[in-house]
Each structure stands twice: as structure tokens, then as C-alpha cells.
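Per Swiss-Prot, the features are:
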type	residues	note
SIGNAL	1-20	signal peptide
DOMAIN	34-90	domain 'TIL'
DISULFID	34-70	disulfide bond
DISULFID	43-66	disulfide bond
DISULFID	48-62	disulfide bond
DISULFID	53-90	disulfide bond
DISULFID	72-84	disulfide bond
């Protein structure tokens, strides 16, 4: 019985690896050129990756997901127009 369960798990893992390899998506993604006030971040939690004009203080807890992309650089805040601006430019 243990042998069958182990074989099933290995087969499932093999199928998942093959599917991931055939998606054409590079992982992890290569760093991209970011807009002014942004910086490329790797494997950051989405809830703590950047501050916003609406929420200028860091949250108490961060998620453990792993995201890649352009996020507001230190001392910049994401505004309603999705731009990273200095604090004095926040409404």
C-alpha cells in the first residue's frame, strides 16, 4: 500500500514539473526596468511589498507568498493613479 501511495505522489510531482516546464513562463522572472520611484523586488510578501498613500504605515503582519515585480522604492508611496510618489505628493 505504501508503495502505491509513493508511486502516485511521484507521478503527480512529475506531471506538475512537466506542465510547469511547458508553460513558457520563466521562473523566477528576470528583473525588469521599473518606472520612476519604483524598484524591482524578488520574493516579497504582497501585503508588505510597498506602502500606499492610503496606508502609509507598514501592516502588523505580512503574508508569506512570494511575488516578483516593480514596487515603490523606499520613501515612495503608491497613489490612486498607481504611481509611486513622495509622501508630500499624497493627497
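Cβ coordinates are placed from backbone N, Cα and C, and glycine is handled just like the others.
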Whose Cβ, among the disulfide-bonded residues 53, 84, has more other Cβ atoms within 10 Å than any of the rest?
84
Neighbouring C-beta atoms (10 Å sphere around the C-beta of residue 62 (disulfide bond)):
13
Residues satisfying Cβ distance under 8 Å from residue 90 (disulfide bond), sequence separation of at least 6:
53, 56, 77, 79
Distance, residue 84 (disulfide bond) to residue 70 (disulfide bond) (CA atoms, angstrom):
10
Sort the residues of the domain 'TIL' (34-90) into helix, strand and coil with DSSP and give the three counts.
3 helix, 20 strand, 34 coil
Protein Cβ atoms within 10 Å of residue 48 (disulfide bond), excluding its own:
14
Counting only residues 6+ apart in the same chain, whose Cβ is under 8 Å from the Cβ of residue 34 (disulfide bond)?
40, 70
Integer mean pLDDT for the domain 'TIL' (34-90):
93
Rank aside, I only need the closest one: which of the disulfide-bonded residues 43, 48, 62, 66 has its C-alpha nearest to that of residue 84 (disulfide bond)?
48
Rounded to a whole angstrom, what is the C-alpha distance between residue 66 (disulfide bond) and residue 48 (disulfide bond)?
11
Have a look around residue 66 (disulfide bond) and count the other CB atoms within 10 A of its CB, chains all included.
11
